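J.: Quick paste from TrEMBL:
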COMPBIAS  1-13  compositional bias 'Gly residues'
REGION    1-22  region 'Disordered'
TRANSMEM  32-52  transmembrane segment
TRANSMEM  64-83  transmembrane segment
TRANSMEM  162-179  transmembrane segment
TRANSMEM  199-218  transmembrane segment
TRANSMEM  230-250  transmembrane segment
TRANSMEM  262-287  transmembrane segment
TRANSMEM  294-314  transmembrane segment
TRANSMEM  320-338  transmembrane segment
Amino acid sequence: MAGGNNNGQGTGVGEEKTASPRQSEVNRKLKYISLAILVVQNASLILSIRYVRTLPGDRFFTTSAVVMAEVLKVLTCLLIILFQRKGNLKEFIVLQYNSIVIQYKDTLKLAVPALIYTLQNNLQYVAISNLPAATFQVTYQLKILTTALFSVLMLRKSLSRIQWLSLLLLFAGVAIVQLEQEGKQKETTVTGPSQNYAKGLVAVIVSCLSSGFAGVYFEKILKGSSASVWMRNIQLGIFGTLLGLLGMWWNDGLAIAEKGFLFGYTPMVWGVIFNQAFGGLLVAVVVKYADNILKGFATSFSIIVSTVVSVYLFGFHVDLLFTLGAGLVIGAVYMYSLPKAAAPSPSTATLSSSSHSLADGVGDSETEAFLPKSVLVK
């Protein structure tokens, strides 16, 4: 409609009309590609961890896998920044020195989220090792509830009535799934070799709490920051590696000294580590083309994919209670991702753009670039 006022020349308008459908078609394809990548990455990570942790034979040390994923992530981000600098090594080193050492106060701010993410990554291994993949996937959506509550408390964000209703449905859905699983535990006392359902449940709940706090805390300290996604991941990865090594020494130090850092590593284990390291970075790029509704769909689809694959791969039994609970969670995730009716104020929009689009919603592409890989889809 404004085309007539903007230089109204015929050629310019004609070009705009021909370019617009092509651009919208490209954007539509990118959205579908983004949806597929988000679903595959989110579901495959959980399923692959569950698979390698339930295989017979020597078990790898999960603490070493967390460290290895952090190292690979840091190296990848370093290579990306070096590529962005067109291979200029001097400029690359100066940038790293300025960003990490000179601006040390900015770097130190990331120690807290790095500690929480390292704890969370270790807890995810514990949870998935002791819970069916589908149950973990459904229960882990409690991170939406914890993130929303921390956002209200720490950032003074407001939620719509639909979002509050969706959180209530989410909690109800997860509770129903847990009741269903509790019934199964009473029927069969043995869930598998060295598996402990209560331990897995505690691990996933603590992981959800840490995910919610870390995401909101990270958004808070990111306000006004000019650092790139890749530089932030390097800073986080440095702390994550050091803290991961400390946790590895504390938990498995003697065993690793005896058997070796790479004990139990198979091609499948390496696949899990690469998925954890590179999958999140890939999603950090892809998520720019995915709005909240698409991310909600992706989470819902990944729950369905995890459930279906679990039936065939792990002999998971889906009954009416689980279907009801999972259905409530899927519906709640979609409802929560719906846009608010009221448009954001101009001041909020200005703040968002100046801080690299830290979204008005709970999860955004900039913040989510640093979240653990299975948490990325919100």
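Glycine is no exception: its Cβ is also placed from the backbone N, Cα and C atoms.
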J.: Taking 32-52, 64-83, 230-250 as candidates, which has the most Cβ pairs under 8 Å with the transmembrane segment (294-314)?
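T.: It is 32-52 that shares the most Cβ pairs under 8 Å with the transmembrane segment (294-314).
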J.: Taking contact to mean 3 or more CB pairs closer than 8 A (sequence separation of 6 or more), are the transmembrane segment (162-179) and the transmembrane segment (262-287) in contact?
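T.: Taking Cβ pairs at least 6 residues apart, the transmembrane segment (262-287) and the transmembrane segment (162-179) are not in contact, as fewer than 3 fall under 8 Å.
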J.: Taking 32-52, 64-83, 262-287, 320-338 as candidates, which has the most Cβ pairs under 8 Å with the transmembrane segment (230-250)?
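T.: By Cβ pairs under 8 Å, 64-83 leads among 32-52, 64-83, 262-287, 320-338.
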J.: Using a cut-off of under 8 Å between C-beta atoms, tell me which stretch among 64-83, 262-287, 320-338 contacts the transmembrane segment (32-52) the most.
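T.: Ranking 64-83, 262-287, 320-338 by Cβ pairs under 8 Å to the transmembrane segment (32-52) puts 262-287 first.
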